[in-house]
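Remarks on the structure that follows.
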Amino acid sequence: MIFSKHLLSHFVDISHLDIEQMCMRLSSMGLEVESAYPLKMPQKVVVGKILSLTPHPDADKLNVCKVSIGSQELQIVCGANNVKANQYVAVALEGAVIPHTKSGEIVIKQTNLRGIESCGMLCSSVELGLPKINDGIMVLDSTAGHLELGVELGNLPLFNDYVIEVGITPNRGDCLSVLGIARELATSYDLRLKHEVDMDNVVTLGLGRVLQILCDEKIEAHLLYRVVEVKQAYLPLDIALCLARNGSLVDDIMCNFLEYGTYMTGVILNAYKLYDCENKDIVLDNGLVAQLRIKKDENGLGAVFAHQKLSIIGVSYGERHFGTRSEIYIIEASYVNPTLIAKSLYKHAIKGDVQLTYRSTRGSNPNLEQGIDFLCRKMVLVSDALVYSGSHNIVQNIDEITIKTTFKAINQIIGIELDKEEIATILKRLNFKLDATCDENFFMVTVPNYRHDIQSIQDVAEEVLRIYGIDNVSSVPLLCSQSHNINNTYFTYKNTRKLAYGLIAYGFVECIHYVFASSQNLERLGFVRLDEDLELLNPITNELDTLRTSLLPAMLDSVKRNENLGFKNITLFEIGSVYSSKREEKSKLALVASGCMQDECYPHTKAVKWNLFAFGTICQRCVGDLSFRNIRDEANAKELLSHFCFTDERLLHPYQSAFVYQKDKPIGIIAKLHPQVATNMDLSEEIFICEIEIGMSDFSLPQAYEFSKYQKSTRDLTILIDKDIPFYRVRQILLEDQIAYVKNIYPIDVYYDKALGEKMALSIRIVLQSDEGTLQEMQLVQAVESVLSVLVREFDAVLRT
């Protein structure tokens, strides 16, 4: 956004303000000043008047001009095609340094051009360091100031100016106009905006006598129409320079007036030729009535129609070629909610006018009278124009944005304590309306209709801070404290991932399946289903009609798919949620191993197949300290199976299945897949499965214990014992008896024979170690005898020799 101090003076008096301080204030308010520089006209460039001109006798494109500069008359040869008598022009006198010519910097000297003496130069805007406004010389008019012959050009108000460029963020569409910048300065410095004076040249003929406007349906747009008759179109110098500086100057004078009105006020302006909107079917006393019809177009956007579509409101101006002849114009001011336009452009991919949609999607000025009155007043002042009395207004209700807040909340957001009166004063200067509520702690803030970016209490607090000055807020260290976010959920997640990483290290592949399952498949494999009243009401497919009660069915299906694809050795695991028959969610770990642990590869000339002990060892290493108890040895086997959602043991091998225990708590099941199930599912027979409840697993941190530095000793015993006694009971009894020096006991071998009857030969190894010294043979013998006596006492064991 580029503007000047001269343009700001149309709306607010800033003559007493220091430009540098004003730029700093704008930047602190969020309108970052990108550049600010004074206009500097070359010395010895003065105001002159062309008294007469005659063609050059020896050049077709040159004219000999007699120019008055007040104190004298000069003869100047000029080649500009727009030079005319009685024009006020910028005259560079002898000795003037002109920096911006095609040849670079030149010094004006008296010279002879094809035999004619020339004592100066008539300057164009570009040669004076100004933006280009035409292809000829720059013609001065009253908008530059009082034109006194011989006065230095730099002393005229239009050229004794500062040019400022600010960066406008996308949310500040209200500042895409000089009026918007003036409002910001008026608020910051507590100044009053200037009131507009009434227009002259308003004819008694009313707008309704020449224009009829029909609105077919409710459109989401606000429109205001006036009629202006332009008898002689002329674009003043100040408008030309202003638009050229912003890169929006075009050849059409009326288009330039419309762009200038929008640039100055932020109101979107358009125009139509009255005669182009003529309706031959309607004739009144004056013999002419133009008709505009406002309705929605094929994309649902408000559009203006006559005999054809003229424009899309807020999106496209339509074709604008007005010319310079005497004409009656219909002036249109419009406003559409920026969100509505942005959504419509995105939805319909409409190609609109870039500059128009740039403004309308960021939020134009909804106060249409400001824009249309400013434009009409400017046209009356600088052109031979008449404004018809009256206007036609199409108004839609605009929902005011109201925000409920407190002074305390605003102070907390800003970070300092401001008085209530100071906050209220700042908001009122910003044209916010404040209303008290029944609760004295709260008040309602009504946002001005041109501030589309204010939506929340944070926005209100930001406005207060902008005007108060962010530099006035002292910097303090940021106080932040991190709350203790480590909870059971975090530990569960970390432990499950640690478990997964361990299994991956052992070659297992993690897989994920649907939480839904087939109820028929669950029943076929011997798993419980959800209670009937808790089943899914609207399953996604017939095959996934219930919630899974086990991870194993889907895991076995994955094994089958992989075997069908040619994979022989398959190791999978999954960590996921399952549900009990009461729809209680649990987290479980399931493992499946199929095929061989290791293929044939030297030095293993034969493949190493999976077995229950190897499979259980990996489970133990990854999950933790586990023990396995034969299902047949458990008195409450049915209850435990039911707890783990099994209806029976049909999935499990009758002789290779066990409950998984951790610290004497049952947490899952490990087994070889029943051969009949493997056959029915067309699977290989060597498949091992395990399912563990993660919620029941112990993931406590490892405990460090003092260990002995003395050597260990081992002794082996072979005893005859009842074959129905599981080894875990033998080990449990021996360790609970706390026999001196006994550190561990584990089985070596077991032997069954008909000759032994109901007995079996169990070989165990006893690990012995002392914390105080190396054990002597006598101590070892005593320890072994103590072990044997416990076995005899508890299990009627007989030492086998």
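Positions of Cβ are set from backbone N, Cα and C atoms, glycine also.
Taken verbatim from Swiss-Prot:
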DOMAIN    39-154  domain 'tRNA-binding'
DOMAIN    398-475  domain 'B5'
BINDING   Asp453, Asp459, Glu462, Glu463  Mg(2+) binding site
DOMAIN    708-800  domain 'FDX-ACB'
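In this model, the domain 'FDX-ACB' (708-800) carries an average pLDDT of 92. Look at the Cβ of each of the binding-site residues Asp453, Asp459, Glu462, Glu463 and count the other Cβ atoms within 10 Å; the largest number goes with Glu463.
Within 8 A of the CB centroid of the Mg(2+) site residues Asp453, Asp459, Glu462, Glu463, the other residues of that chain are Arg451, Ile454, Gln458, Val460, Ala461, Arg466.
The residues of the domain 'FDX-ACB' (708-800), classed with DSSP into helix (H, G, I), strand (E, B) and coil, number 32 helix, 32 strand, 29 coil.
For the domain 'B5' (398-475), the DSSP counts in helix, strand and coil order read 33 helix, 12 strand, 33 coil.
Helix, strand and coil counts from DSSP across the domain 'tRNA-binding' (39-154) read 5 helix, 48 strand, 63 coil.
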